[in-house]
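Contents: one structure, followed by commentary.
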Amino acid sequence: EDDFQFILCEGCQQESPNLKLLTCLHTLCPGCLSKYKSIGQCPVCQTAIPQASGIPDMDNLLFINLQARLKFYKKIVDGVDLFCDNCKKAGEFWCSECKEFLCFKCYEAHQHYLKEENHETKRVMDIRAGSAKDFLKDTRRTSNLSCSNPTHKSHNVSIYCKKCCKPLCCICALLDSHRASFCDIRSETRRRQEELGTMTQELKQKRSGFEATYEALQDEAARLERAQQEMRELIRQRVEQLVQLIRQEEEELLGLVEARQEQGRRELAKELQRVEGVLRRMEAGERLVEKMSLYATEQEVMDMQPFIKDSLEELQRLQPAADRDRAQPGDLAECRARLQAL
């Protein structure tokens, strides 16, 4: 089961028959999506969840279908209710195409009448002896696409139209009057898979840059922590070498460290509040302009546009502070100087 934890909801780690794929490519069940939608962030990567569109329409079909196939495998392994779907006798075979259990007699009839079809039928005991990965590999269907023509839904497809980007059955391809460019459906699915593989390879190269940045940030955080701890230890070591005459100085130095830390927190909070205010102003401006384009009358545009334009121009003049321009909170230079003097 550990090999298939990836098909669970990444929020609550539970199964769900209706998993949703977010734009950040993480998967949530509807319950978790509603919960974290109110927060506005994905619980895994903290990427913003689109609010306007609500719950995304994209189902994670891969994970949903894997859950369904694994339930069949678990039923076979547990040996519970393995009855023939036709005559209700003991089921000895399983058809991955029909998704039905068959007794020996029904199996022979199945093989006789569907001998022209590509139905993969295996003995239940053979499936039980194999692994879940083997079962998923054996039941992986490559021809389960149906024709895009609503009247040909029952027809299997083997052709892909590059012009209209749809899978077609042979009848639709023959009757096509536009003489569109066709290709084999398997070659198209293989091309799409290779396209995704190429994109992931490119992302792997870009990922190394993000990993280096992540490691650098971790090192910086560790360095700051070590600097603070080293300063505290140095203060204590020096002070304890002296007599009670300078114990008061020790307390003052430790208090100064705490004061600098508190000052740094206040400065960071103030800067965060300022930047957050700018972001909110920008969001308000974008939202107001959008609503005006949708609902404002010409008179309202003429009256309000100069005022809004001035505000937007003021926002355009604002620039985020560069790293070198930002103040470094929590500076311990004064503490070091007093310690040296001591």
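Using the three backbone atoms N, Cα and C, a Cβ is placed for every residue, glycine included.
Annotated domain 'RING-type' per TrEMBL: 9-46, in sequence order.
Annotation source TrEMBL lists domain 'B box-type' at 83-124 (among others). Secondary structure of the domain 'B box-type' (83-124) per DSSP, as helix, strand and coil residue counts: 11 helix, 11 strand, 20 coil.
Here TrEMBL flags 142-179 (among others) as domain 'B box-type'.
Residues annotated as coiled coil in TrEMBL: 200-285.
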Would you list the DSSP helix, strand and coil counts for the residues of the domain 'RING-type' (9-46)? 10 helix, 5 strand, 23 coil
